[in-house]
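> Okay, handing you the structure first.
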Amino acid sequence: MRFVSLAVGAALLGAAGASSISSNVGLLKANGVALGNWEAAYEKASAFVSGLTTDQKLALITGSNVESTNGNFTPLYFLDGDMGLQDFYYVSAFSLSSALAMTWDRDAIYEQAKAVGSEFYNKGVQVVAGPTSQPLGRTPWGGRGVEGFGPDPYLNGLATGLTTKGYVDAGVIPGGKHFLLYEQETNRTSSFGSSGEGSPYSSNADDKTIHETYLWPFYDAVKNGAGAVMCAMTKVNGTMACENSDLLMKMLKTELGFPGMVWPDMNGQNSAKGSALGGEDYGSSSIWSTSTMESFLSNGTLSEARLNDMAIRNLIGYYYVNLDNGRQPTRQTTDVYVDVRANHSKLIRENGAKSMALLKNEGVLPLSKPRVMSIFGAHAGPIMGGPNSNVDVMGSGPTYQGHLATGSGSGMASMPYLITPYGALTNKAAQDGTVLRWVLNDTYSSGGGSSLVPSSTSSTAVEPSFENFATGSDICLVFINALAGEGADRTELYNADQDAMVNTVADNCNNTVAVVNTVGPRLLDQWIEHDNVTAVLYGSLLGQESGNSIVDLLYGDVNPSGRLVHTIAKNESDYNVGLCYTAQCNFTEGVYLDYRYFDAHNITPRYPFGHGLSYTTFHYSSLAIKAPSSITKAPKGNLTVGGPSDLWDVVGTVSARIANNGTLSGAEVPQLYLGFPDSADQPVRQLRGFDRVELSAGQEAVVTFNLRRRDISYWNVKTQQWMVAGGKYTVFVGGSSRDLRLNGTFFLWVGS
């Protein structure tokens, strides 16, 4: 949800039972976590809090100004989001996180985060409500999957960590969200009647699933400097996430060593006692009123140590990113002219092009000065009300009647402008002398006898229809999208109107290219095998430069290198997880999401996770594996910020030679997948490495993947540790989860 400051003014749900904790679990300096480079920030925060009265500490943790003998503190200002500042003028609209993940480019992910963070910093905003690791994408029907980095924990985790680091390096506090298991919009706040007692749904998952899938990316966030974490508005295993001490005090603050503050999503704080004891550190002054909290202190419900810990956690991120140095510009009202965009439009255009995946190409792309080109679909052009028209998915249809380049709710950017494909293609046609025709509608059939369309056969005018414009065109571009976002899940994974448009155009045009921008998996089987559908570009939402990014790819100014971050199935029924419509949402699929499920059940996808083509070709060879012959079963390192210190140690490497054996320069994304010994009870194979390597025609390079201890570990529910299984590991390197060109094995002997 949107945040404008540390002041929760939303209506809060009735009280519910809270988890209880032992006295010192999760408290800084009492939980056994070595703070490392957070130590100086802790000392500053602790010194400030030591001079506060109880009332001042309560003011601090409820977002009020604090004036003390130690100095003054103004409440932090929180704002969405990962795609750029909301509600401000003169800011950039970046690609959404799901698009950025499709670049599979560590540098691109980091540089965008640093650019976003710099705009927050220069606008006087202290906290980014992001990165958005979750929703992870448990179900393709989930409305907010577009805001995250995809359903693979490894890829999601690396992107989450790099984004966190980018924000920190820009001088702002990253606020990772949503913690935890928040995977759909349906019934996130709704009443279920007497059985649900007006509560949101409960996501119920076992310990192994939580650790190996949903908690995994938060390790990366914490390791890379997250100073805040937003607890979700829903329940986890029957307890509100913001009151769940197992999640917050045990897993997040102790196991992961998180030193920062936990603050609630809207409606996330349910009761004063439950949230205070459960692990929330910032709350509403109407719930944590002075009288209520002082009564908790006096009767022993809340300890002074816990209150001090809450106060310190509210400050530690501020000191960690050096916001106390006084250099940050003062925040102005949203419409005051403070232009913070720098040259970010160039970065947005480049990342947008890097992110789109070429799924199919039968030699039609790249384009070269076509004589007659027709474009079709509402997604090609602008919406009538402009790019900042409110994208409200609640009550809207499954598609957007204009070019979709940003999300909704917390995923919506403040557009300074929007380059549509129609606009960019018009400029290109003018340069090339191309005749350009268009129907910017998904269901248009004829001109209706308009007097503006002459009927004379000697005229060059053509009565506008899909059939008429497609006939005689050298190239036909059909633009389609899929809409969903905060507040509403998806109702379909394909669209009858758009699919009929593609088929109609393809029936009349032997070079039909489909351009798809979607909020999640979008089925293509209604037309993908049509003989005249000769190419498909597929991506997420690209931000203000969207049209330029797409045209750069269509004409070959950029060679496609994007890769899928989800599996595209042939049928909706191929996916194993749908939406949950009951109060209890049981994650019975465990760790088997997306390609892990498809592999386990030998389901053939239309396009696999990691797939993407290029205008050139690449050859893989020379697999080399360097792994230890033995390793301890469990990590032995100290508990640090980010978990046991040696969980992050590199314990082996895998390398392969990649050669560009085509005729054009391009970038390849080699991917490493790992198969575990049977005793680890893991999926068939899991992503455990990737790289993006740019190669000129004829050039080759050796790519090396580092295997960390955590990459070869599984969660042992009995010992409550990350453990390494002894036995045979199988290594696969290739271009997708199904395009596995090299393979090898290594054996590990595991000692105590």
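Placed from the backbone N, Cα and C atoms, the Cβ positions cover glycine too.
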> According to Swiss-Prot, N-linked glycosylation site sits on which of ASN441, ASN602?
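That would be ASN441, per the N-linked glycosylation site annotation in Swiss-Prot.
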> Just how many other Cβ atoms lie inside 10 Å of the Cβ on ASN187 (N-linked glycosylation site)?
20
> In whole Å, how far does the CA atom of ASN299 (N-linked glycosylation site) lie from that of ASN571 (N-linked glycosylation site)?
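Pair distance, Cα basis, whole Å: 59 Å.
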> Taking only the Cα atoms, work out how far ASN510 (N-linked glycosylation site) lies from ASN532 (N-linked glycosylation site), in Å, as a whole number.
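Per the Cα atoms, ASN510 (N-linked glycosylation site) and ASN532 (N-linked glycosylation site) stand 5 Å apart.
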> Closest to ASN441 (N-linked glycosylation site): which of the recorded positions ASP265, ASN343, ASN571, ASN743, going by Cα position?
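Closest candidate to ASN441 (N-linked glycosylation site), judged by Cα separation, is ASN571.
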> For ASN638 (N-linked glycosylation site), which of the recorded positions ASP265, ASN532, ASN743 has the nearest Cα in space?
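In terms of Cα distance, ASN638 (N-linked glycosylation site) lies closest to ASP265.
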> Have a look at the glycosylation sites ASN187, ASN237, ASN532, ASN586 and say which one has the shortest Cα distance to ASP265 (active site).
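Out of the listed candidates, the nearest Cα belongs to ASN187.
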> Given ASN187 (N-linked glycosylation site) and ASN586 (N-linked glycosylation site), what distance in Å do their CA atoms have, once rounded to a whole number?
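One finds 14 Å between the Cα atoms of these residues.
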> Given the glycosylation sites ASN299, ASN532, ASN571, ASN586, ASN638, which one has the fewest other C-beta atoms within 10 angstroms of its C-beta?
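Among the glycosylation sites ASN299, ASN532, ASN571, ASN586, ASN638, the lowest count of other Cβ atoms within 10 Å belongs to ASN299.
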> Nearest by CA distance to ASN343 (N-linked glycosylation site): which of the glycosylation sites is it, out of ASN237, ASN586, ASN661, ASN743?
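Minimum Cα distance from ASN343 (N-linked glycosylation site) across ASN237, ASN586, ASN661, ASN743 lands on ASN661.
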